[in-house]
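These come from TrEMBL:
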- 159-186: coiled coil (COILED)
- 200-366: domain 'Hflx-type G' (DOMAIN)
- 206-213, 231-235, 253-256, 319-322: GTP binding site (BINDING)
- Ser213, Thr233: Mg(2+) binding site (BINDING)
Amino acid sequence: MISAIVEKKQERGMLVGLDRGEKDFEESLKELDQLASSAGGVIIEKHIQKLPFPTAPYFIGKGKALEFAAICKQKELSFVLFNEELSPIQCRNLNTLFGCKVLDRTQLILDIFAQRAKTREGKLQIELAQLLYLLPRLTRLWTHLSRQTGGIGTRGPGETQLEVDRRRIQERIHRLKKELEEVKKTRFIQRKRRQKFPWPTACLVGYTNAGKSTLFNRLTHSHVLVEDKLFATLDPTIRLFEFSGGQKIFLSDTVGFIQKLPYHLIESFKATLEEVKEADLLIHLVDASHPLAENQINEVNKVLEQIGAINKPIILVWNKIDLVHSDGLVNRRMEEYPGCVPISAATGEGCENLLVKIEEWLKTKRRFFSLKLPMDRTDIVAKLHRMGSGIVTNYQSDGIWVNGWIPHSMFSSLEQFNITVEG
Ligand SMILES: Nc1nc2c(ncn2[C@@H]2O[C@H](COP(=O)(O)OP(=O)(O)OP(=O)(O)O)[C@@H](O)[C@H]2O)c(=O)[nH]1
Ligand SMILES: [Mg+2]
């Protein structure tokens, strides 16, 4: 397992950024700082090196690396965090120079996920992601050793520790993948069970820290963990939500996304991300107060595309409007993103409008009906209760009067009972 940044609480570290002149460089460093604190570390030194490209052996050049290493030793820091992915060689060289843990952004994200994973599914997925990340590094870093001992008999007792480790890791990856197949089957069965109910599923998606769990808790009166930390939520939670008019929907809160989400994470978290992929509606929350809100929308869309969920119906929600002190900005965003809904999940402002929007979408799936059934057709009453929502029955002398919401697909089988449909 990759060494975790947090072996004890609040480790102190240095953040090193390679500035290649990108326009969002400052913001991306801020995000890295947030990631470090989400992992339980605290950045007490921040250093920047301006270079158009990283240098092969030391990423930031040997001179700067020596300079930063001295500060690191003087301040007794326990980790150094780099803003880009390091090659195995850079990692080893920097490690020798700094004499403490050297981490890159990917490792840090994997580390946070490892800390957050509580369910068996989450734990299996993160272990797989970590091993997939580790494997090529182990190989490339140590090939010189395998070559030294190469030749006849290298597969037998004379094989290097590396090869033993590598084989063990491969075996573990294989086992994890098999176990995850089982997890996926369980999720599939749970989803099938949900599909027996006639209510669609809406999934809250968005950049990490956008306020998904806050909204989820407000709407479903749940107590999912809400924190001003990145990736507070890892495992999905699903609850049934009932609208005042009787319509119902399954609402699911799940893991947030981030720019440059490590490839292995997306690959490994397929079981979790399946909830997004299989949802009928996506509610995409954006932190309206974030300076890079629009970039974050693009990043979320990229992940949705990667997992094959971009073509689903999406309601775009600008959250945290209580933190936006310019009406002009909210109005501009309303114009630029027609159909979006501004809300504050924290104060509840605008949440009613969001519910109206979701109900409008539901109406495209279901219609309000009323009909009169013969007294002996209680089988149909039972079916309507099973398949519909907000079903009201009224036993009169001339028959059973029923109204409520049903999926479009049911209308044809009820035509013989003079069904009337609204909207
Ligand atoms: N001011 C304000 N803060 C909010 C609002 N919604 C959420 N927050 C805060 O934003 C932070 C993140 O909220 P979460 O609900 O945990 O965000 P999330 O999208 O679930 O985050 P992850 O699970 O980490 O992806 C918390 O500190 C919330 O209190 C809002 O409408 N206004
Ligand atoms: Mg959350």
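Backbone N, Cα and C define each Cβ position, glycine as well.
Keep in mind that TrEMBL annotations are predicted by a computer and have not been checked by a curator.
The model shown is predicted, which means the values in this text are computed figures rather than measured ones.
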TODO: Counting other Cβ atoms within 10 Å, pick out the least crowded of the binding-site residues Lys212, Lys320.
DONE: Lys320
- [ ] Count, for each of the binding-site residues Ala232, Val255, the other C-beta atoms lying within 10 angstroms of its own C-beta, and report the residue with the smallest count.
- [x] Ala232
Task: Those residues of the chain, 6+ apart, with a Cβ under 8 Å from that of Asp235 (GTP binding site) - done: Ala117, Lys118, Thr119, Glu121, Gly122, Thr254, Val255, Thr272
- [ ] Across the whole of the coiled coil (159-186), what does the mean pLDDT come to? Round it, please.
- [x] 86
Task: Cα distance (Å, whole number) from Thr233 (Mg(2+) binding site) to Lys212 (GTP binding site) - done: 9
Open item on the list: Out of Gly206, Asn209, Ala232, Val255, which binding-site residues have CB atoms lying under 6 Å from ligand 2?
Closed with: Ala232
Task: Neighbourhood of Gly206 (GTP binding site) by C-beta distance under 8 A, where only residues 6 or more apart in the same chain count - done: Lys212, Gly256, Phe257, His284, Leu285, Val286, Asp287, Gln296, Val300
Task: Close in space, distant in sequence - Thr233 (Mg(2+) binding site), Cβ under 8 Å, 6 or more apart - done: Arg116, Lys212, Ser213, Val224, Leu225, Asp253, Thr254, Val255, Gly256
